[in-house]
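For reference, the structure discussed in these notes is given below.
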Amino acid sequence: MRDPCFSNPCQRNATCVNTPGGRSFLCKCPPGFSGTTCETAIVFCGTNACQHGGICHQDPVHPVCICPDGYAGRFCEKDLDECASSPCHNGAMCQDGINGYFCFCVPGYQGRHCDLEVDECVSDPCKNEATCLNEIGRYTCICPHDYSGYTGAQCETHINECNMNPCQSGGTCVELSPEKQYGRLAQLPSSFSHPEASGYVCICPPGLTGIHCEEDFDECSSNPCQNGGTCENLPGRYTCHCPFDNHSGTFYGGRNCSDILLGCTHHQCLNNGICIPHFRNGQHGFSCLCSSGYTGSLCELVTTLSFEGHGFLWITSDPVTGKGLVCNIALGFQTVQPMALLFFRGNRDMFIMLELLSGYIHLSIQVNHQSKVLLYISHNTSDGEWHSVEVMFAEAVTLTLLDNSCKEKCITKAPSPFESDQSICAFQNSFLGGLPGGMTSNGIALLNVYNIPSTPSFVGCLRDVKIDSNHITPEDILSGSSLNVKAGCVRKDWCERQPCQNRGRCSNLWLNYQCDCYRPYKGPNCLREYVAGRFGQDDSTGYAAFYLDKSYGENFTISMFVRTHRPSGLLLALENSTYQYIRVWLEYGRLAMLHPGSSKLAVQFILSDGNVHLISLKFKPNKIELYQSSQNLGFISVPTWKIQKGDVIYIGGLPDRPETEANGGFFKGCIQDIRLNNQNLEFFPNSTNNASHNPVLVNVTPGCPGDNMCKSNPCHNGGVCYSLWDDFSCSCPANTAGKACEQVRWCELSPCPPRAQCQEVPRGYECIANAVFNAQSSEILFRSNGNITRELTNITFGFRTRNANVIILHAEKEPEFLNISIQDSRLLFQLQSGNSFYMLSLTSLQSVNDGIWHQVTLSMTDPLAQASRWQMEVDNQAPFVTSAVATGSLNFLKDNTDIYVGDRAVDNTQGLKGCLSTIEISGIYLSYFENVPGFTNKPQEEQFLKISINSVATGCLQLNACNSNPCLHGGNCEDIYSSYHCSCPLGWSGTRCELNIDECFSNPCIHGNCSDGVAAYHCRCEAGYTGVNCEMDIDNCQSHQCANGATCLSNPNGYSCRCFGNFTGKFCRHTRLPSTVCGNEKTNLTCYNGGNCSEFQGELKCLCWPGFTGEWCERDVDECASDPCFNGGLCQDLVNKFQCVCDVAFGGERCEVDLADDLISDIFAAIGSVTSALLLILFLVVVASVVATHKRATQGTYSPSRQEKEGSRVEMWSMMSPPAVERLI
């Protein structure tokens, strides 16, 4: 079948597509064309395809719309959103328009884009000079901060500050804001202004001031009160309180204390009453202020009552009733009783009672047999001084102690316990000092009524008793209403004569006295002691037993006095029928306490010193405390238990001897005044009152005598014995010591050489010193004396050395040996001893050859064993080195074993160089000093003897002698153990290099002077010599300037020229001036320097040319001698003249012209001349230089030879006869 698209039927580059079945085709036209073969062009612009006024432009393919502003899209169908860019600011809302937008501003902003803030304060909305604060969309008025007269949004509302009534004390409030008040009130300014219209002012009534009239004007400031009166300021007034007492005897009164009061001029106040004058109703009068113990208008009535015990005072009074009733009881009292009844009022059913309980005031109230109120004041009033107390009954019950000595809590209150129809004031009967009972028939009746338990009757004095404000005086006492009560107060000081002995404390009991005795004294006057029990008299054994007849519970105290010299012994044991539950004993002189259920308490306090000590055991639940006097020595914890009836207290021992020995043995000494709580347990009671505690005594005797300890002659070495209590004292001869003179003070005999220190040892002494070993055959041999019996289990010594390998101690007795050495700078200990097959070896952890002292201890860890490990301690610094194997002791050193110190004889190695202390082996010293002739031989039995005869150098220093840097000037210090040695640098000598060696001592400078230095010298050579020692003669002629064939002669100061021919001068450069000779062969004269020799009248004489002088005209005259040059000019001497060489600022023949003045004044005029002169000078210099190279001037006053050497002579002839030409050299 033929392809329909084969012929390309589609035009306009359309795409041909076969239809289904392949019988036809379909053309897909490009944009802008249509038709079956896309033959037809589509025309859009003719159909108004562009919207919103868009202009259509026909394109060959499709139309194009040119849109107006505000639109877009193919056909201008889209309205552009101008709000998309958010053109509106400050929260404004944007509304899109045609080709534009519109901004709806929030309040406070304006402008096309709402970017301009609106100023709401432009209209000045705030009133009364308030400040407008512009805000967003609104404004705020800030009323003036310095006053508060207005408020409101615009400060337009007036504030009435006076509504709060700020003015006090009746002051008038006036506001400051109303303008009409200004100029009318004195308190306000004359004119109104807003800054001043702030708040209010208070117009105060007289006598008051302040912003709110809160301050009372001080009427007392003018001091209106006279004559010492005290002014009291009151609101609007004042009051004068006139002085009560005037030392001049004049009293004042009146408003200002200016009136003299005359009422006391002839007053009659008695008993030290104080008269108080007054002026009333035009009349002078007085009143009496009575002293304590008196009352009445003239203080004539006595109020003091004396109670002598077992008595009372019965007061009857009319009952007081009524609503709002106030009744009171007040009294003063003086007593030493801690327990006493002061006041009682009422009956058995309802009463009040004022008592002293333990010295404190107690008030109790009972209503209908029930206790209602209990008040007390914790202040001691049983001190024998006067005290005052008051009880008030009203709506409350008040107890007050009116004492100056009471500082706090002196008043206490409680609600009243009485009902409305009850009152304690309704009772007629009151009792002072006690309650009646059993004295009379009336008393018996009273007993039935007032048989109320109370405290004992009062003993002491009462005064100023007031019941319901009515004074009670002795005149008010009715017959039969009192017992043992007297008027007045009689008190005797029973303790004045000090009746209590032995430091007993006396207490005045008003009617008698009581002695509080110090233990162990007793009796009414503390004259007797409790009899002490003596235990162990003459070393007997005994004890005491007390069987208790009652139980004492858990809390009790056992105490006693103990005196002993024996360091052990049982003091106390408590037993019941089952077991011994407490024991206290002495152990090494110290107290020990034990309970079967606790650990032992051992204290450090020494009791066995022969003094009397008070020992107390305080038993408390779960523990027992041990005391010495008031010092707590410790406690033990125990289970809860009680001391019961039938328990036994053993003192000094137990019936069973083995059990006693297990607890320290029998006590020897004295025990006195045993107390169980406050009950005495007496060894020897003197009455039957203590029969229930009569003890069982075994070898316990009364008193406390001591044994005669001198019977056994305990003093040795001729000491004299003196017996003390259970002890003795020896008066020892000189050089002996010890309690029994058993020790000889060997060191006081100075048995040691001067450089050794004496050390006492048991039964002898040793000489201790630090030895110095010099490494060359300095070993020392020791050997036991054969009497050593103790176990040798340790070695102690000290050393200091710098040897890295050396033997310190060596001993050998095959197969046993001991070696102590330093190997590779560390301490080495080697030992084989006993039956051990192993050699023990210990090495120190640190180096020990640092030249400082090291202390070493080598010891058995178990010294009681036959074989033990050994331990090395160096400088007591942990960790200590302990051996892993065990070996025996050093006992083989006892058996004639040679002990070498500092080296060993069989070695060829160098010995110890350093220091070694005295070696100690188990307390036996290896002394470096044998028994020295003239000194006491060592008496002790056990010794190691020095066998070698070589002497030992001592005096080794404890510190490195070089530590103080003794060597000066860089000297090298060497510690030689007993001193130091300084190796001095060159130039120094002396022990400390302190001397500078004088290198000039050998006179090394041949032709010069020597100056000493440090290790050097310096020669200052004489002229003409050089070299280190000035040994070389300087040849000064090597560079000489001698001319004209002159010969150079060297000399120490330089050289000189020997001129040849007719030449002269220092360098022979000048032609000699002619000389003349006159005279004959016998007599002639030579005149030099052109001098004319002549003979005149037979005399020869030289006539000198000007400039020369002398007999032969040999001297040139120094024309510079007169210093002719001015202004610092340098004078040059010439022949018969001089020349001045001037400073640059001066000129003239003698430098007298100051060139600076002319130069400054003529500087401008002379510029041309100077320039010309400079050119001329330059020309002349050039010419002169050329000429000078060929010749030198020989005429005039200049001589170039003078410049060659300063100081050379200028020799010239007459100007008319110049010398020959001279060339420059």
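Glycine is treated like the rest: Cβ placed from N, Cα and C.
Note that TrEMBL annotation is computational and uncurated.
When you check TrEMBL, the disulphide partner of C204 from the set C213, C220 turns out to be C213. Cα of C741 (disulfide bond) to Cα of C526 (disulfide bond): a distance of 43 Å. In three-state terms derived from DSSP, C1000 (disulfide bond) belongs to a helical segment.
When the Cα atoms are compared, C67 (disulfide bond) and C732 (disulfide bond) turn out to be 146 Å apart. Across the domain 'EGF-like' (79-115), DSSP classifies residues as 4 helix, 13 strand, 20 coil. A simple way to gauge crowding: the CB of C29 (disulfide bond) has 20 other CB atoms within 10 angstroms, across all the protein chains here.
Note: the CA-CA distance between C1010 (disulfide bond) and C984 (disulfide bond) rounds to 23 Å. Put simply, of the disulfide-bonded residues C1000, C1142, C1151, the one whose Cα is nearest the Cα of C10 (disulfide bond) is C1142. Tertiary neighbourhood of the domain 'EGF-like' (260-300): same-chain residues 244-245, 250-254, 332, 386, 463-464, 471, 473, 489, selected by CB-CB distance under 8 Å and a gap of 6+ residues from either end. The separation of C993 (disulfide bond) from C105 (disulfide bond), Cα to Cα, is 106 Å. Sequence-distant neighbours of the domain 'EGF-like' (996-1031) (same chain, 6+ residues past either end, Cβ-Cβ under 8 Å): 969, 985-989, 1050-1054.
Closest in space to C732 (disulfide bond), of the disulfide-bonded residues given as C27, C76, C213, C993, C1030, is C993, taking the CA atom of each residue.
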